[in-house]
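Asks: Take a look at the following structure, please.
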């Protein structure tokens, strides 16, 4: 007979009988061939030869009981559990009620056995001491330092960064200003009543379907932002800057296709092209060495050092190169001489030198989907597109200039530049636009 003690003397703590679903009372039967999970039977179902699915009445079995001694030869495991439960129910020291609940031991036997094996036993004392020491070792004596995280960023409410992030709330993983933020306005006046005509009912259902499609588009954009990690824009820009200029241009071009492919596939594509660029650059460098007749890296280091020295010497001849460049054009030569005179006198150059190559102007800013676009009129949208200024920033600058103009009774360009800490050319265009449209007056 195999004997195994239960965890508790309460029948509800034991598994139910698979035959009659009653709570098991010791002794009970466990099938040695079925399981997991274990297959338990009470004695009544076992004597009836209960069979269920794969379980057969001729399977080998184990008798589960707790009549074996643990701490004392005269105390069974079942009595040990009954003693502990009685002390927990009746309280320590109330040995008469403990003995009455146990029914098999006197109060003197209960007190003597409990004090000997559970209070004065050095084995239990050392075990409890070790557990206490281990618990104290886990608890730090000093305060746990708290470090704020910037991923995702947590800007202060109503700050410029918070508006640029459309009011992203990290604790809720949601935005204050949603994409298509006023989609719910189309539903505010819709009410389904029983006397609606079929056409009116179909029209209302079409409006609801359109609203559902707009919600799906909103969730799709949120998923793209979450999957590609676009919440932390600063971290995204730092990752982009670690690539060479050529790969950054590819990154900028392929960004619009990121919504089609997954984030992992998009990153693999960019990384593969970055690796290709590095390999091409290394091959070009090795080809340059071979063209110069260099066949080992020791000579290549000397070649690179001499090449760097020649480049520095060439840059020192910049003034002579400028003279040779503008000497054929009298007007350009006069401008260059005035510029050099200003530099020699310690003044900033008053006449900028024209570049032959010409700098390509930046394309107009696309305002589609940017927060605050719906608050602008057509002329303001054109201004934001030309100066490449997001609508939220423009509205903030406009409000600051209007408030200052109302306080002073007018506003000068110098005051506007002091209020708006951005590029002076953009400030001039905003100032001229507000003057031209009559929002502010000159001081």
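Using the three backbone atoms N, Cα and C, a Cβ is placed for every residue, glycine included.
These numbers come from a predicted model, not from an experiment.
What Swiss-Prot shows for this protein is this:
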type: ZN_FING; residues: 12-69; note: zinc finger
type: BINDING; residues: 17, 20, 42, 45; note: Zn(2+) 1 binding site
type: BINDING; residues: 31, 34, 55, 59; note: Zn(2+) 2 binding site
type: DOMAIN; residues: 70-122; note: domain 'SANT'
type: CROSSLNK; residues: 132; note: SUMO2 cross-link
type: CROSSLNK; residues: 138; note: SUMO2 cross-link
type: REGION; residues: 348-372; note: region 'Disordered'
type: DOMAIN; residues: 356-443; note: domain 'SWIRM'
type: DNA_BIND; residues: 426-435; note: DNA-binding region
Asks: So which residues does the DNA-binding region (426-435) touch in its own chain, when a touch means Cβ under 8 Å and the partner is 6 or more beyond its ends?
Replies: 379-380, 383, 386-387, 389, 394, 397-398, 401-402, 411, 413, 416-417, 420, 441-442
Asks: Using an 8 Å cut-off from the Cβ centroid of 17, 20, 42, 45, can you name the remaining same-chain residues around the Zn(2+) 1 site, in sequence order?
Replies: 18, 19, 21, 22, 24, 41, 43, 44, 46, 50
Asks: Give me the sequence-ordered set of same-chain residues, not including 31, 34, 55, 59, with a C-beta within 8 angstroms of the centroid of the Zn(2+) 2 site's C-beta atoms.
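Replies: Near the Zn(2+) 2 site, the remaining chain residues are 32, 33, 35, 39, 54, 56, 61.
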Asks: How many whole Å apart are the CA atoms of residue 17 (Zn(2+) 1 binding site) and residue 55 (Zn(2+) 2 binding site)?
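Replies: Just about 13 Å between their Cα atoms.
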Asks: Go through 55, 59, the listed binding-site residues, and name the one with the sparsest Cβ surroundings, counting other Cβ atoms within 10 Å.
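Replies: Counting other Cβ atoms within 10 Å of each of the binding-site residues 55, 59, the minimum falls on 59.
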Asks: Whole-number Å only: compute the distance from the Cα of residue 45 (Zn(2+) 1 binding site) to the Cα of residue 31 (Zn(2+) 2 binding site).
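Replies: The Cα atom of residue 45 (Zn(2+) 1 binding site) is 12 Å away from the Cα atom of residue 31 (Zn(2+) 2 binding site).
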Asks: Tell me, how many other CB atoms lie within 10 A of the CB of residue 31 (Zn(2+) 2 binding site), whichever protein chain they belong to?
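Replies: A 10 Å sphere around the Cβ of residue 31 (Zn(2+) 2 binding site) contains 21 other Cβ atoms.
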Asks: Run through the Cβ atoms and count how many others sit within 10 Å of the one on residue 45 (Zn(2+) 1 binding site).
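Replies: Summing over all protein chains shown, residue 45 (Zn(2+) 1 binding site) has 20 other Cβ atoms within 10 Å.
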Asks: Determine, to the nearest whole angstrom, how far the Cα atom of residue 31 (Zn(2+) 2 binding site) is from the Cα atom of residue 42 (Zn(2+) 1 binding site).
Replies: 11
